[in-house]
Amino acid sequence: MEPIKNIPRLCRTLGYDFSELALLDHALTHRSAASKHNERLEFLGDSILSIIISDALYHQFPKATEGDLSRMRATLVCGKMLAEIGFEFKLGDYLKLGPGELKSGGFRRESIIADAVEAIIGAVYLDSDLEVTRSLVLGWYKTRLETIQPINQKDPKTLLQELLQGYKKPLPVYKVTDIRGEAHAQTFTIECYVEELRKPVVGVASSRRKAEQLAAAQALELIKR
């Protein structure tokens, strides 16, 4: 972790100078490191980020449907996208983690990085106001907002369901066939049953949702052949 004297370097990377550096320090503190951690700031930042991105998409795509707007927002505020931003900022170098998380590589774990990004957004809001925070966040998201489009925002499960509905076929059925690993690092195996396919297709991932999406993506490929 970077020494505290290098926090100004992080401020330059973020593009924001904190009046109250303690807020940034708080945002970088994981629950494993102290009783006063960043989860409340994360909660606040999550809501503010949603407002900022929702507003930006609403004005950027005046003809987009509610469903398209929701899917684009989900893409932009998902944990993977937030972690991507956090890694660009090298946030892992500045996080305050407990010994256990340090040992297990928490400074490079996507979920921890993503949570810290949301906490920083919350901290910036408390240190300034909504408009300053909006300007900062939109700067972080500039290229992402420029490239995102309503098309191709539907996830594989939605696409598979719509395809089958178009053919007036039964909807797919997803079944969990295996769960392995400890609670914090489980692997899910999902089978997707589609009438059009002779055998179920299988998806394996770190969450049930991801496994279902992988299975649905495979089913789509097979049906379209």
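Placed from the backbone N, Cα and C atoms, the Cβ positions cover glycine too.
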Swiss-Prot Mg(2+) site partner of Asp115, Glu118, selected from Glu39, Glu42, Glu195, Glu196: Glu42
Residues of the domain 'DRBM' (155-225) by DSSP state, where helix covers H, G and I: 28 helix, 20 strand, 23 coil
Neighbour-count leader, CB within 10 A, recorded positions: Asp46, Asp115: Asp115
Local confidence of the prediction over the domain 'RNase III' (7-129), expressed as mean pLDDT: 93
Lowest local Cβ density (other Cβ within 10 Å) among binding-site residues: Glu42, Glu118: Glu42
Between Glu118 (Mg(2+) binding site) and Asp46 (active site), the C-alpha gap once rounded to whole angstrom: 5
